[in-house]
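According to TrEMBL, the feature transmembrane segment maps to 6-23, 35-53, 65-85, 106-126, 138-164, 176-196. Marked as domain 'Histidine kinase' by TrEMBL: 261-483. Residues or ranges marked as domain 'Response regulatory' by TrEMBL: 506-627. Look at TrEMBL and you will find 558 tagged as 4-aspartylphosphate.
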């Protein structure tokens, strides 16, 4: 009988070892993996101890000490295993317990271990007769009932959780009940049904079945988890796809709206330019008509340039290529400049323009170009959307915030058409316009306030809009600025004074476009500068090589030209053996308007940069700066 029992034990241990290894290497569900492996290890140890116990009990080896040791360790494993089972089930069901709960759950386990230890001297759980026969002790019944605690507790807990949580998954209910019931059935049958000397390994097989079920349930759970994660990733991917589609659709709508608005806003001034050019062609001798047409062409050109510059400015700022260049600025003088710039449009619109300031320190360090750009954008909007008879108030208030620093609060308030609350939420976004230029009868790209916001952020300031539809708009711009002194202003003004005259200088103009060349030559000749024109970089290099050094005082170089571009021509000139020729000042004059174009020109060896279309005074300023 004992040999059959041992054979069964070996078979069960092989099965348990395989299950253990499968869990060790193929299960990745980490929360219960550790406790499952411990539980299976304990079952395997129990099967071994149970086989040794039955061998000693049935075989009577004659070694009494060995028998006593086997019985002791068998009972020790016998009480440890239910507690391990309990820990595994808590982990499997994902139950979180407090420290007090965990301690309370340990009490039966502690009592069982104490009973095993006390049984050695007292025989309360087991003892041996005078002829060394194994006999169950007086408190074996109590011990057996107490040992059922964890199996019964886990079984009841499973049903309690399922019903209290209103679980509708009948499949899970059946599996959990079966999982909890198998060890319980085994220990009940082994304790109260199977005779002590009956060689039936029913309880070990029940525990092996429990171990096998734990593995199968873990595999199923892992598959469910993988499917859940897969569905989750798929759902997330679908959501991302939907969001991408939505964004693409919105971007497409924004692009289409922008292109439609840009098409209209560009065609409007272009129509004026072409139309008034035709009028001049038809009435070349009528001075009044020609003057009126020219003023309209200039105004339309300004509008067209403003639209292009807005797009380029926004691109420059968003790419992080805009830089703050501080210089000493007189804010009161800047106010006067703004009044002069807006004078024509204010008078034309019959608008009352007021300037109020409370500035104690008008001299500050700031990027005056960007500050003026911010204020001009806001003021232009106020002029555009304020009807005849309306009022625009420009004010500036100073508040000291630290020694040598003050906050300057610029406020532009108008009595115009105002903004809706909904539009104000998006007013600083690019291409946002509450009304198209057709509806509002005003040109614009919807970039003005977007540029204002980004420039103010760049200068570490803040901008706030307060407006109601039909009740006007108030825009407040706050900037922290460093206060400057009179001496610093004079030093700055002195640096701006040009000591060199341009009259009589000889320039080599390199330009492939005949119209652009004609405009540049006319402008330069009006300033007393002698001009020689060549159409590309190759001709420029040949002209410098052929002529004596000093023939030309500087070169105005286009960049994009056939045969040889401006960068290549500059590099070849800088490599000439004649040092005087190689060091001739070269100024880029190009429609490439980005900061990287300026940097590329300077890296190629050019000394200055003029952006087309250019203003005459700006062109002369760059030439003077380079020549000095």
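Glycine is no exception: its Cβ is also placed from the backbone N, Cα and C atoms.
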Tally of residues which DSSP labels helix, strand or coil - the domain 'Response regulatory' (506-627): 57 helix, 23 strand, 42 coil
The domain 'Response regulatory' (506-627) [mean pLDDT, rounded to integer]: 90
Residues near the residue listed as '4-aspartylphosphate' in space but at least six apart in sequence (CB under 8 A): 510, 511, 512, 513, 516, 566, 588, 589, 590
